[in-house]
Every structure is written in structure tokens, then in C-alpha cells.
Amino acid sequence: MDEYDKKRRLEHGGSDRSRSSNDNRNSHGSSGNNYRDDRKDDRYYRDDRSHYNNNNNNNNNNNNNNNNNNGNGYRDDRNYSSQNKYQNHHQQSPPQQQQQQQNSSYVPSQPPQQQTQTQQQPHIQAPPPAKPRKSRFDQAPETIPIQAPQQPPMISNQPIFKQQPMYQQPMYQQKQQQPQPPIFQQQQKQQQPPIFQHHQPPPIYQQPPVYQQQQQQQQPVFQQQQQQRVATEAIQFQQTPQQLAIEQERLKQERENEKKIEQANLEEEMKKRREKVEQWRKQKLEQELKASGSSNSGSTSSPPTTTTTTTKTTAATTTATTSPLTIPSQQQQTATTSPIKKKWSLEEEEETAQPLVNTNIEQKEIKLPPTANIPAAAATTTSATINTTTIKQSIEEDDDIDPLDAYMENLNKEANLNLKKSKTSQMIDDDEKLEEESEGEDDGKDKTIKKGKKEMLHTDHTSIKYAEFQKNFYIEVPVLANMTETEVLDFRSELGVKITGKDCPKPIQSWAQAGLTEKVHLLLKKFQYEKPTSIQAQTIPAIMNGRDLIGIARTGSGKTLAFLLPMFRHILAQPKSAPGEGMIALIMSPTRELALQIHVECKKFSKVLGLRTACVYGGASISEQIAELKRGADIVVCTPGRMIDILCANNRRITNLRRVTFLVLDEADRMFDMGFGPQINCIVDSIRPDRQTIMFSATFPPKVENVAKKILNKPLEIIAGGRSIVSSDIEQFVEVRPTETRFRRLIELLSIWYHKGQILIFTNRQETTDNLYRQLSNSQYQCLSLHGSKDQTDRDETISDFKNKVKTILIATPLASRGLDIKDLNLVVNFDCPDHLEDYVHRVGRTGRAGNRGTAYTFITPDEERFSSSIIKALEQSGSKVPDELRKLNDTYEKKRKEGKDVLLAPTGFTGRGHKFDAAEEDKKNIERKQQRKAYGIEEEEEEEDEDKEKAEKEKLAAASAEKEKQLLSEKEKLDPATTNTIVIPGVDGTIITPSSLLQTDPSVPVGQQAINQIFGISQVTSSEEAIKKLQLAAQLGMKGNIQKLNNQITPLNQTHFIEELEINDYSQQARWKVTHKDALLEITNFTNTTITTKGTFFPPNKIPAPGERKLYLYIEGPSDASVKNAKSDIKKILDEVQSTHQSTGKYSVF
């Protein structure tokens, strides 16, 4: 701020700015912004503008007519910059200044009290050139005059508040003031505006009396407020930051003290009212006692059969009649009928306590029993007891209507209501809490609850009358109707569509032929869906026609939109669902991430169409999901487990499935494979039978398809591009490399692809995911990790960050292989090789979506050779080149299998029974099969026919061994002519026993072994290789029981022991340990007098024993057949008991 600005501010410290500013409007067209830093100090001048302008309207009228910009009064003297002002007033000569001052209307405003002082001041010298502005509080030059702010003049005889200085004058201003130049005094005297003259406006501009009276009434209050505000600002301006902090603390303490005082006053008020209530109760009790005493005296003098009736008396009455009172009927009704009492409140209570003199006390009629047969003393005692009872009842009634208790009872009711609401919101906890509650001592109770879910969800459709609904909305356009069958077949072959089923509609060529609404067409144009894809062109007409459908298409082909668009048309044709009625469309998905993705895609259209959607999945807050369902939802996207929880919660009062007419199963093959089968059937059975059911997936094995078709009604199967085929837009690379080199190769790929887009890395295990995340983070790569052990919040944030490109690398388990749609995902790396074809197709299908190009790398180690056949099949079906190393790896594996070596079998993929991820799950399945066979009385037969490959291998080995046995037997027949009398053993093909062979025995060989040798044609000169093959044949054919029976039949001839075998290889680890421990078997051996020996080797379920080896079994020997069988049955009981105890159950045991 320069010197002239400070001088102008000090000159106007006590003047009326509004008057001088109106004159300045004539010469200055606009108000500048050069002096905005002065506003904080002078803002208290703004509020009194109306006061001066109203009283001086006549003086300012002419000046306002020529005003170009209606600025505030005090701002108009800021139009010139400090440099222009300095040049106009100081750098020019005095004549030039005078001429310029006369030509312009600019006159510095100054109060009249200061005019005389200004005229007497001498000249001042011209100040030096203006310096650059530094700060608001920079030191000013010494030549600036100092004038204390003075009180403005009284205008229209109205009091004006006394202006106080904004801040104290600094020390540098307390110097000798220099006189002003004479020329400056002269021009001030000549150009003094008439606004400062003390005169009243002309009568024509006189304000109305009423307005003046109102203004005079409002002015003192306004001035007082202004004075307080100015004083506060002046104090704050003078204080330092430390003082301001102290002042704030003081104000805070004052506010706290005020609150304490208010609280103390409130407590004192409540105390007074409580005392009043207690006093009122005491007085009422005294009056009741008096009234009861009078009634008691009356009852003692009355006849035995007389009814004593008490009337309403006042507290002022001191005497009561002792004779019976006769009251008319109307008066009796009035006396016996209690008046309606108004609810008491604290607000209606008066401040001062008043004696309850005229308070009416109601007394009830008391009927005394007849006292003819009762002594006088007894009668007196009876009447006294009745009176006491009456008093107690009256006291209890008074307690019930106690005012303070009534008030507190209302508060308790409100608190209980809020508590009930909070309990309702937390009625059911998350899935994790349900699992924790199911552990420990409540296992039995929780199993009962879970078992009851099936019964709770069971619906008798015959007893429910469902409303009719429309399925068929499709109207074929003339263009499609005129197409011939040949043209339709050509168009379908062009789309790559194959159809199974009857009466399938013709495929559409554009969105206009689909029969969609106008809003949907606009949304499709907005989201840039130009034309239908192959799967959309054929499935949309079929779904709009009301048919059940199985849709199979490649990843990224638009399957989600294929069922969403017909679903919207289906819902809009039905009445809107009211709160509590349930949803109309239900979409189920196997993973939470896919459910969220479908929900987001659905909301793009539902918001415009006016439909309500809800997403129900595990891991999230169940209270929010319940609230959404109670408000009403037309579309619900869910996972099966959480949906069952909500359907069964609160006795099925949250929602129901009665209005569901459109059911969608996305990734349906995975739904029936991941153990969701019982849950899916449980939900589907609760939906009306005439629903429309849609299934979509990129892979659909035939076995799963057979299971899925059970819930469909005459479905159409539409395959676009093939079944379990990788898209041709994806470039696939498979590298055979050791485990140690995989990470180094991954770093090389990241260095190439890191800046090209987003990257997704798949692993098979959660531990591998965490380790790889740690290694990449140490290598300075920003990445994310995703697997099932993470919280749902972390999983949602991970997917969101990856889609929003916060970080461009995601390491995930196969959890992310289903339905995850990332637009800019350019690279997929299978760090761990997929274990079956369908998993490989879904992993690789995360890239190359919606017509974009993608790249996929797969690492396979020599130890994972069993997976090579699935990858080769995927490469051949998609038309990609198969590396030579991969073919060599597969050939080596097939060669080992043919030779019968110890190799691991590759999983067969989705079989409809649950994917076999590890040996533990396979053990569980085998145990269940064994228990089923035992329940049907089948113990020693082969496995079920579902295990086709294993059975085929066994049959091949058996056929080869049988041919060799026949050749050996034919040779022996030629050598031994005594074959007339032969014994054919049932159950063993091609085995005969001749009498001569039984007589040819070796005393060094046990009798049982000799019999076995005779059965299988094994002589002492037989080679060990042939003997091994024959024993292997017997083991594979499952004839161990027949051999044991034969031993038991032959051995008694020589008085030897009996033998039994019990295979325990397929039981759980706990069961195997139990029956092989000496302590557990000691009791059995002592009781049955047998010997039990563990033999064989443990083999995992997916391994076949090599020739000459057997699975783990128990060898039981005993003196009699009964003892051996008893020992075997006891061991089986132990195995079954341990197996049932340690059998692992799933999360949802509905069936």
C-alpha cells in the first residue's frame, strides 16, 4: 500500500463515505479492485449506507443519474491506481493540479469537523515516488498526517454510533505533523461537496412519516449491533496470535460453563417436579386412607347382605356417612364408571406447588360376602382384610398411573423400539459368522438348522394359485419371415451357430428386429453396441419367444447382454412388484465378482427403464441386502449360498420366490460342478414350475449338461463357435520350462508388456499367489493379488483398482477366471498350468474379448506332463500351432501310461459331481461311494461306471492277461494228457484243477499256496514274471474273495488256519491310523484269537498300482472261519465309525 492510499484511508476514518463516493461516480466509470485489502478494516462502514442515503436522497439524486456503474459508496474512490493518483496530485505543478481538479468532479471526502483543521495546516512537500507494495503493514513514510477518527455529524437528529479506531496508531505516526500546502487547502475549500452541510432535504423528497418512525425504532438496535461488532473486530485486530489462542480458549471455556449451568438448571427443574409428584402421591394416599376408613366404618354397621357403595368425596370432607347410601341409577353409573384420565406430561406441570385440596378421589364399589354363618370377629376381620386389599389395589393403580413413571415408560418404549430396529438389522450375520457359530458345541444344533433349510424352502406348488404371465413377446419381422430355409441355414453357418431342438426362431440381423423398446435402443446406441453378436443374434429371438435355453459361446461374445435384453422386456410386461412380494427375475452366478459385474451391467439399463435391482452375495453386509429386498426389487443378482440364507431368515418373511418367472444361471456348468448342485436344486424347486429358465456358459461338458437339463422344459441348445473352444482372436504360446526358470521368464514378459496394457497372472494355489505377489513387489512392480481367503471388501477393492488401472498387474487364482471383463487386458500368463481343458479356456478367455486381440502365455513344467493333452486339444481346436516340446512331453506321458508305470492321471474336467482339486476331495468321494455300496449290500464289486478311463485301462490289462493265461493253459493241456476229470472253479475263467495236479505237491510249500498254484497253473518251474502277472490279474479282476473262500475250503484238509483280507487304502487317514495301531487292534485279536498284519502300499486315489504291488490292506489269520469273519466285521465297524466322525461336510448341507 503506497502513501497516498494510507492517507486517503486515514482521511476517511471519520467521514461519511457514501456522500463523497456519489460525487466520484460522475468522473469514475467503474469501481476498481485496487483497494480490496482495505475492506476488512472498513467493512463496518457498509451497513450504515442506507441511513445516510435515506436522509440525503435529494443531494445524491442528480449525481446518481450520471453514474455508469452502481458500486458501493465507499468503493468509488478506488478507481484510480496509486500511480495515477500520485501523478495527478504530486508530480504536476500547482496550476495544473488546480485546473485538473476544477475540470473533474473528484473531491477528497473529509468530515466538516476536519475542514477547519485542514485549512490551518501548512503546506506539505511532495512525497517521493511510490515504492512497490510489499505488505499491508509495511512502514509508511513520515510525512503522512495523523488524524484521530472523530464522530460523524448527527443527521436528521438521529443518534449515530461513535466510531472507534480500528487499531491503535503505530509509533512511527506519532511524529510532528507538517502543514498542508495552501493550494491543497484552497481546492478543498472550493470543491467541498454540499453533502456535509447540515440541512434537511426539500419537502418534495421528504420521507413518509410512517417510514421515518419505523426507521427511528430500528436504528438504535442497529447501532448497538454495529458497535458490538466494531469493538470485537478492533479487539481481535489488536491481539497477537498467542492472544487470539487464549481468547478462543476463554470463549470455549465460557461456552462449556454455560452448558453446565443449563444442565444444572435442568436438573434442578426435574428435581422440583419430582418433589411435586411425590407430594401429590403422598396427599392422594392420605385421602385414600381416609376414604377407606370411612367406608370400613360403614361396612361394619350394615346388614350382611347389603352392598356398600362409596361415592366420590373430596379431601376437604372430614366426615362420612355410616349408613348405607341409596344412589339413583344415573348417579351409580357415574360413580362406578371411572373417568377418562388425560396423560400427564412434565410441560403441563406448574412451577409452584399447590395443595391438592379439591382433588377428587375415586373409590370403587366393594361387594362383601354374606356373613350370616360367620362370627362377628371373623366378619370384622374379613371386612378389614377386604379394606386392606382395596387400599393395596388403589395404591397399585396409582402406581400404574404415576406421572413420572408414565413419562419414563414412554422413553423406555422409544428406546426399546430403536433396540428392536437395531436387532432386526443384525438379525443374520455374514457367512463367516455363521461358520464360526457352527463350530464347537453348537455343531449339532447348527446341523439341525441347516437340515431344516430344505424343509423351510420346500414349496407345495399345488396349493398355490399363481398369476398368469406372458412369455412370448417375439414378433417376426417381414424381412426374416420371407427368408427361405436355405438362406437361414447359410446365415447360421456364417454366424457359426449350431442349434439342437425344435422350432427355433430365425436369427436377427439388427437390433431393430429384436422387438425392443425405444429406450433400450437409445441405450444400445449410447453404449456403442452396433449390431448383435453371433450368440445374441440367435438367443435373443429364442428367449423372447419364451423358450428355455442353453447358450454356449466363446468368452467375450456378449452372453450377458443376450439374456439381459429379453429379461427387461419380460419384466416390463408384468405389474410392478410391491415391497414384500419378491423379485420377478433371478440371476445366479458362481462367484461374487461375477455377480457384481452382472449387477453393474444391469443397472445401466434398469435405471432408465425404472426397474429396481439388488445384488445378494456373501461377504458383504447382509443387513443392507435385506433392506434392499424389503424395499422391493424387480431383479436380484445373487450367489446361491447367500440367497438360501436370506430366503430362510426370519421365518421366510424377508422375501420369497413366488413371483419369479425368469430364472438365469450364468456359468451354469460351474454352478453344477462347484458343489452348488443341491443349493441350485433347492432354489429352483421353490420357483413356480412354468417359469422360463436360461443357462449360459463358455464351456458345457455333456455330463454337466445332462444334469442341467433336468430343470429345463424342452430346451433349445444354441452353440456359437463351438464347445470349450478358445477364441481365434487370442494368440496362444505354451512354453515347457523347469519350475526354477518361470519367474525369470515372467519378468522378461512384464518388461515387454508392462506399458502396453493390463496383465493378469493365474496361479493354482493361494500360497503361490502370495509368494509371487511378494516377489514382484520386491522387483519394483506395482501389482494386486486376489484369492478366496481375502475379505470381500479387499476383493471388491482389488477388482475396482484393477479395472480403474490404479495398478495394471493382477495375480489371481482361478477365482478370477469366470466372467471377469477387463477392456484393456492384453496379456494373460498362466504361471501354473491349468489342470483341465475348461479351466484353460476360461483363463485364456479373459483377454481378446469383444473382438479385440489378446495374447496368452502358459508355463508347463516336465512334472505337469499329464496336463499336456488338454492344452494340445485346446490349441488344435482353436487353430493355433502346437509346440514340438509340448508334443514330446505328451508322447512321453502316453508311453509311460501304456507301459503301466507309476504316473498321475490328469483330471477329466467338469463331470457334474464337483471338480477334484486334490486327493482329499477324491478320498471323500470314494468314501461316499463305498458307503452307498454298503447300504445296498454291494461291498466287493467294482467302482461305478462313471470312472470310464480307469475301468477301460483295467479291462485292457485284464484282457491281455487272460489271453496269455489261455495260451499257457492250452500248452499245459498238451503236455498233461490226464485231463479227463477236471474241476472248473467258478469266478475264475480258464482255471481248472485236475486230480493229478492236486497230488503233485511239495512238502516245503504250504498247502494253501499249493492250491493257489494249482488254480492258476503255476508250477515250480514257472518263471517269476508269469507268476506276478497272474497275481496282478487276480487282484485286478477283484477275485480276492473267491480265492479266500477257496483257501478256506482247501485248508481244513490239512488242519491249517483261515485267511481274510480287508483293503483299507481308500479310507481316510484317521481311519487307516486307527485300524493299524496296536492298541486299537489288541482287543480284537485277544477276543477273536486272530492275527492281523498290515500289508501293501498306500496309493493315492488317482494312481494305479504297478505290477507286483497292491494297495494297503489288512491280512487276517485265524484258527476258524468264524473268528476271521468276526475280526473283519469288527475292524469294519471301527473304520465306518471313524470315517463318519471325521467326514468333512460342506458349508451348506441342504440335502
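Think of each number as a place in line: the chain as shown, counted from 1.
Any Cβ shown, glycine's included, is placed from N, Cα and C.
For ALA553, ARG554, THR555, GLY556, SER557, GLY558, LYS559, THR560, the entry in Swiss-Prot reads ATP binding site, with the evidence type sequence analysis. Taken residue by residue with DSSP, THR560 (ATP binding site) is part of a helix.
As annotated by Swiss-Prot, compositional bias 'Basic and acidic residues' applies to 1-26 (among others).
The annotation compositional bias 'Basic and acidic residues' is assigned in Swiss-Prot to 35-51 (among others).
Annotation source Swiss-Prot lists compositional bias 'Low complexity' at 52-73 (among others).
According to Swiss-Prot, the compositional bias 'Polar residues' annotation covers 81-90.
As annotated by Swiss-Prot, compositional bias 'Low complexity' applies to 91-124 (among others).
According to Swiss-Prot, the feature compositional bias 'Low complexity' maps to 166-199 (among others).
For 207-224 (among others), the entry in Swiss-Prot reads compositional bias 'Low complexity'.
Per Swiss-Prot, compositional bias 'Low complexity' is recorded for 291-339 (among others).
Annotated compositional bias 'Acidic residues' per Swiss-Prot: 428-443 (among others), in sequence order.
According to Swiss-Prot, the compositional bias 'Basic and acidic residues' annotation covers 915-930 (among others).
Taken from Swiss-Prot, the feature compositional bias 'Acidic residues' covers 938-948 (among others).
Look at Swiss-Prot and you will find 949-972 (among others) tagged as compositional bias 'Basic and acidic residues'.
According to Swiss-Prot, the feature domain 'Helicase ATP-binding' maps to 540-718, an assignment based on sequence analysis.
If you look up Swiss-Prot, you'll see 729-890 marked as domain 'Helicase C-terminal', on the strength of sequence analysis.
Sequence annotations record features per position, and here Swiss-Prot assigns region 'Disordered' to 1-138 (among others).
Around the Cβ of SER557 (ATP binding site), 24 further Cβ atoms fall within 10 Å across all displayed protein chains. Panel annotation: around the motif 'DEAD box' (666-669), residues 550, 559-560, 563, 587-591, 594, 598, 695-701, 704-705, 708, 818-819, 838, 910 of the same chain, lying at least six beyond its termini, place a Cβ under 8 Å from a Cβ of the stretch. For LYS559 (ATP binding site), the count of additional Cβ atoms within 10 Å of its Cβ stands at 24 [all protein chains shown]. Take the mean position of the Cβ atoms of ALA553, ARG554, THR555, GLY556, SER557, GLY558, LYS559, THR560, the recorded ATP site; other residues of that chain with a Cβ within 8 Å of it are THR533, ILE535, ALA698, ARG849.
Secondary structure of the motif 'Q motif' (509-537) per DSSP (helix as H, G, I; strand as E, B; remaining residues coil): 16 helix, 0 strand, 13 coil. For the recorded site, ALA553 (ATP binding site), the DSSP three-state label reads strand.
Shown in sequence order, SER727, ASP821, GLY845, GLY848, ARG849, ALA850, ASN852 are the residues of the chain, 6+ apart in sequence, with a C-beta less than 8 angstroms from the C-beta of GLY556 (ATP binding site). Taking each of the binding-site residues THR555, THR560 in turn and counting other Cβ atoms within 10 Å of its Cβ gives the largest count for THR555. Confidence annotation: the motif 'Q motif' (509-537) carries a mean pLDDT of 92 in the model.
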